[in-house]
Amino acid sequence: MQPNPDLVRAIANRYAANLRLCLPLRRTSLQLARAVHGNIITFGFQPRAHILNRLIDVYCKSSELNYARQLFDEISEPDKIARTTMVSGYCASGDITLARGVFEKAPVCMRDTVMYNAMITGFSHNNDGYSAINLFCKMKHEGFKPDNFTFASVLAGLALVADDEKQCVQFHAAALKSGAGYITSVSNALVSVYSKCASSPSLLHSARKVFDEILEKDERSWTTMMTGYVKNGYFDLGEELLEGMDDNMKLVAYNAMISGYVNRGFYQEALEMVRRMVSSGIELDEFTYPSVIRACATAGLLQLGKQVHAYVLRREDFSFHFDNSLVSLYYKCGKFDEARAIFEKMPAKDLVSWNALLSGYVSSGHIGEAKLIFKEMKEKNILSWMIMISGLAENGFGEEGLKLFSCMKREGFEPCDYAFSGAIKSCAVLGAYCNGQQYHAQLLKIGFDSSLSAGNALITMYAKCGVVEEARQVFRTMPCLDSVSWNALIAALGQHGHGAEAVDVYEEMLKKGIRPDRITLLTVLTACSHAGLVDQGRKYFDSMETVYRIPPGADHYARLIDLLCRSGKFSDAESVIESLPFKPTAEIWEALLSGCRVHGNMELGIIAADKLFGLIPEHDGTYMLLSNMHAATGQWEEVARVRKLMRDRGVKKEVACSWIEMETQVHTFLVDDTSHPEAEAVYIYLQDLGKEMRRLGYVPDTSFVLHDVESDGHKEDMLTTHSEKIAVAFGLMKLPPGTTIRIFKNLRTCGDCHNFFRFLSWVVQRDIILRDRKRFHHFRNGECSCGNFW
């Protein structure tokens, strides 16, 4: 019997009416949709496409994608609305692979601009800019006309991967040609593209030009331009823009400025901006307070952070929570119990909370606890792995970082460019040049060669592996540079003794309009110190406050003192210490002690050492430097006194360790090491080298033997077994003639070993690179890049 058409129509209308009541994100809506769906199945009703499409839409917007897909698969020939809805649903949930699968199965004749827009938007929102651009090009090739939404979406993807100004201009021209270029949403996206690729002031100028031409600016227009200024360090222009804004839009702009100041390390400026907000009568909101907490956390302002926390708790009209920011505040201020207590009291601990906890332990150097947290986490995402891998590397656990990176891949996580950056940092810690090259090759193969984070990590890795030319090459070929890129190259050149070139790069950076931050100034001061560029170093130090409004920290003052001591200006160094705006820290006294050791200034050196004994009595380096000074002048009673002081205080000298990498295998040597299978052959080879070097004038400096041994022969034997000498002899035996030898040591190399390496490079006619705790030494033809000051 044929069903009554009127009855069918009535049932269909009732279902449609019920589904129209379903609103996204309401639990009752999902329940109603399920009831309708169940009723359809129970009574065997065959609904038309518009009802099925509405059901799929409700399921997708309620994040019930399994139900949506089940219903979608039951449709013999889904129409373009159903396909587009599924694409949007998968993209919103971050499952780009399934979204792409639905899109690619749609016949070209069924696709339209809306379906392309959904897929392009999905790529952009899920940080796959290249795929967004490629699909945009394919869309045009297949004859589909992009609309305003298409351009806004693809430009969001372009902002992620823009290589250069030419690419930005090409898309800008295409938008103008289509008539979409003056639409506010598209113009906002163009401002974002130019700002995010602002490797030069001209691009930021282009962003401002687009902004000025927007006829109907909305809140996003102002905040996008503001964010562009802030992220590129142009806070003065940001403040000018702020003054021209309507009062009802200033809250978001203030938030952007505050967040930008915090991200760039200008914490006092961020807090001053908060004060201005309050005095202007602008209410702080849920976006302001987390930035304030971050500023307090990074600046160590625990009491202010607690006051903000207490204030928010008293505000009944605040329904938001920022427990994750509070966890960071207490961790960074060393209050681990309070941080853990906040975490434990969280009513719902999501993955973000766990990652915040993990990051807190990692950033505070508590790697043991971080490992336990990581193991405890029932769910992990790629960010969890990134935090742990980078944390291991940054805390000196390079080998564990590489193992965890391999484990991550075995667990089925595809490494992103940030994960690769963590692995590359691990290679930098170990000096694992061959491994680093392999990761570089993988990055190129996968298509991450334009990644900013990976590029910056590669510069540092090659520099720390002693291959500064490859660090230069990575920098030159990076499509986009930020201040971290410039900092990495300046640091690389400074570490390797290319101080003048480091200064040239810094000046080039300034000419390009890139504003230095506190790290930039620290690296250029270090470069000046290593190269003995006293006048330039002092000029750059003075510019910190006078030009860039960056108050120097203890680390900057330490570099200045090191610079002055290098040139023997001890009275100037003392004057700097006396005029410090804070109590001298350990690193400042250590810089003074190091300079005294090199120049033999015993009186001032003893003062510096006494200060260090008071600040860090457990640090073995102070005792060793002071012992070296006394030993150099034959004061063996004083050497014995310092050694006894170490024993009485329970201070143990860190074991010296040197290593060399050969074909991804690392060979490690300790002092007096006989554990290596080829140890006997290495010592015989060392003796032969010593004879040849003595013939050419090398005399072992026995003042670096920190024991009162009567026999010079015995003293010389003790010097022969230093770990870096064993490592370099092994390298000379095993590596082909002409190969550069790269040795890494965990402590500062002694004066005799330094002299030994100078003569050795002349005898064997090879370049030898030694990385010790302080810097790099490039030995060639009997000379060292450090100029015998380290």
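A Cβ is built for glycine as well, from the same backbone N, Cα and C atoms used for every other residue.
Of the listed segments 44-74, 137-167, 385-415, 664-694, Swiss-Prot assigns region 'Type E(+) motif' to 664-694. Under 8 Å from some Cβ of the repeat 'PPR 11' (385-415) lie the Cβ atoms of residues 355, 358-359, 362-363, 365, 367, 370-371, 374, 421-423, 425-430, 432, 435, all in the same chain and six or more residues away from its ends.
Of the candidate ranges 319-349, 451-481, 553-583, 451-481 has the most C-beta pairs within less than 8 angstroms of the repeat 'PPR 5' (183-217). Residue counts for the repeat 'PPR 16' (553-583) by DSSP state, with H, G and I taken as helix and E and B as strand, are 22 helix, 0 strand, 9 coil. Taking pairs at least six residues apart, the repeat 'PPR 13' (451-481) and the repeat 'PPR 4' (147-182) share three or more Cβ pairs below 8 Å and count as touching.
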